[in-house]
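Colleague: Pasting the relevant annotations from TrEMBL:
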- 21-42: transmembrane segment (TRANSMEM)
- 48-70: transmembrane segment (TRANSMEM)
- 82-106: transmembrane segment (TRANSMEM)
- 126-148: transmembrane segment (TRANSMEM)
- 168-189: transmembrane segment (TRANSMEM)
- 209-227: transmembrane segment (TRANSMEM)
- 239-263: transmembrane segment (TRANSMEM)
- 283-303: transmembrane segment (TRANSMEM)
- 338-360: transmembrane segment (TRANSMEM)
- 366-383: transmembrane segment (TRANSMEM)
- 395-416: transmembrane segment (TRANSMEM)
- 422-440: transmembrane segment (TRANSMEM)
Amino acid sequence: MGKDKKEEAVFLRKKITLLRAFSLLIGSMVGSGIFISPKGVLQNSGSVGFSLVVWFACGLLSMFGALSYAELGTRITKSGGHYIYILETLGPLPSFLFLWAEFFAIRPANSAVVSLAFGRYMLEPFFAPCAAPVPAVKLVSLLGYYMVLTLNSWSVTWSARLQTALSIIKLLALALIIVPGMMLLAQGHTENFQDAFDRQSLVLDKLPLAFYAGMFAYSGWFQTSFVREELVRPERNIPLAVIVSVITVIVGYMLTNISYYTVLGTQDVLASPAVAVSFVQRAFKSLISVVPVLVALSCFGTMNGGIFTFSRTLFVASREGQWPPLFSMIHIRRHTPLPAVMLMFPLVTAMVCIGDIYHLMNFFSFSRWLFIGLATLGLIVHRHRHPELHSPFKVPLFVPISFTIICLFTVAMSFYSDPVNISIGCTMVLSGFPVYYLIIHRQMSSRCRSPFYYLTHKLQLLLEVVQQEIKTY
């Protein structure tokens with residue numbers, strides 16, 4: 001019986017090298033954001049010049065966040081990303097509130113945004129120069145997401161292989177935008193940069209929404225924190241991977257946006273439902289049917305990668321006793337996190353059906369950046385509480401302080417910029433309080449059996465899943 005248990009156990013081996021960590025970060029950051037966020041950044045910053053400043057500022061802010069997370073990754077040796085950092089530094093209540101918001105607001109809304117971008121770019125070539133019908137976009141978006149769910153339910157190996165191939169496609173899609181844009185700029189096409197810093201169109205109370213759109217495009221710099229236990233030499237490879245990858249993406253995004261504005265005017269970008277398609281229509285008509293498909297595949301890869309990190313957080317939360325054990329179980333034959341994958345099905349479906357990209361982006365960005373700011377605040381607290389702890393990588397204190405202040409200030413300002421969506425997001429976070437005190441806190445204090453034990457057992461038999469043993473070596 002002990003032998004059978006050993007054979008069935010799943011071990012998370014340290015197989016993520018520096019190169020693989022770099023690929024994971026690049027593949028996570030370069031997704032749908034750079035193809036849909038330019039409109040949101042420009043709309044809320046007011047001009048071409050200020051939008052480029054926002055893009056660079058978002059990149060610099062991402063670097064500060066990535067460096068802070070790199071130090072957290074060398075101080076805290078567990079996987080789990082934002083969740084485990086908040087748990088270890090600020091305690092169980094804030095970490096559960098993050099978990100609650102993550103799985104009922106942040107993750108499904110983020111997945112809905114990416115899937116809507118997938119559907120829009122898949123259909124755009126068939127309806128150009130007109131916009132694709134909204135019901136058709138939402139239908140294709142759901143079909144794409146269901147394909148990802150099915151793939152991740154069926155085989156971890158195939159989803160991993162697909163992710164590697166799609167990472168290459170992402171870089172190719174960026175190159176097909178940057179190269180023709182730079183060629184036109186070199187030929188003297190600078191008319192769209194005249195009066196780039198028009199102060200009359202700048203509305204300060206909208207800047208937080210511009211930052212939300214820009215930071216959405218950079219989001220992904222924290223992905224190594226979800227797989228920390230599987231990294232080879234994490235104390236060396238985490239800082240190296242985040243520094244190189246974030247600098248690479250900053251340069252790539254700045255060149256991509258300059259290429260957009262070289263070809264498209266302000267009104268063209270604001271009127272376009274798919275900026276990359278409008279760019280190709282003007283600059284490279286021979287690739288009109290190629291680039292949108294590459295962008296759609298890039299979004300497909302982002303959806304696929306999101307489910308990977310989603311399951312890692314669930315494993316850790318279940319291990320810490322803050323989430324039902326069912327969601328850390330794997331299928332007995334497929335060895336896939338089937339319950340965790342299925343949890344997303346109704347939530348993403350609902351958000352795709354009722355929302356649009358930019359409202360959803362504001363909705364989930366509030367919760368995401370609130371808790372990321374709390375995680376870096378946790379680094380400051382951890383340093384104060386454990387001055388004796390030696391960290392192989394240490395950033396200047398102004399880095400986490402600056403990042404935390406900017407995150408929390410942006411979150412506070414967003415209440416004025418978009419009160420409806422932000423209030424909904426805030427309500428979602430606060431709704432976790434009664435759940436924590438009525439169920440999680442009581443269960444952890446009394447160490448009693450989960451009230452959902454019998455339901456979990458029935459679902460375990462129905463879904464054919466078992467608890468997985470998490471080890472690293």
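Quick reminder: no glycine exception, Cβ is built from N, Cα and C everywhere.
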Colleague: Who are the long-range neighbours of the transmembrane segment (82-106) in its own chain, taking Cβ under 8 Å and residues 6 or more past its ends?
Modeller: 69, 72, 76, 222, 225, 313, 316-317, 320, 322-323, 343, 347, 363-364, 367-368, 371-372, 374-375, 377-379, 381-382, 425, 428-429, 431-433, 435-436, 440-441, 444
Colleague: With a Cβ cut-off under 8 Å, give me the same-chain residues at least six positions beyond the ends of the transmembrane segment (21-42) that come close to it.
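Modeller: For the transmembrane segment (21-42), the far contacts come to 48, 51, 54-55, 113-114, 117-118, 120-121, 163-164, 166-167, 170-171, 173-174, 209-210, 212-214, 216-221, 223-224, 227, 231, 237-238, 241-242, 244-246, 248-249, 252-253, 256-257, 260, 266, 269-270, 272, 274-276, 295, 298-299, 301-302, 305, 357-358, 361.
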Colleague: Considering only the recorded stretches 48-70, 209-227, 239-263, 338-360, state which has the highest number of Cβ pairs under 8 Å to the transmembrane segment (168-189).
Modeller: 239-263
Colleague: Within the same chain, where does the transmembrane segment (395-416) have neighbours whose Cβ lies under 8 angstroms from its own Cβ atoms, ignoring anything closer than 6 residues to its ends? I mean 6 or more beyond.
Modeller: 61, 64-65, 67-68, 70-71, 205, 207-209, 211-212, 362, 365-366, 369-370, 372-373, 376-377, 379-380, 383, 422-423, 426
Colleague: The transmembrane segment (209-227) vs the transmembrane segment (239-263): three or more C-beta pairs under 8 Å (separation of 6 or more)?
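Modeller: The answer is yes, given that the two segments have at least 3 Cβ pairs within the 8 Å cut-off.
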Colleague: Do any residues of this chain, six or more beyond the ends of the transmembrane segment (338-360), have a C-beta under 8 angstroms from a C-beta of it, and if so which?
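Modeller: That would be 36, 39-40, 103-104, 107-109, 111-113, 115-117, 120, 138, 141-142, 145-146, 149, 152-153, 213, 307, 310-311, 314, 326-331, 421, 459, 463, 465.
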Colleague: If you count every Cβ pair below 8 Å, which range out of 48-70, 126-148, 239-263 shares the most with the transmembrane segment (366-383)?
Modeller: 48-70
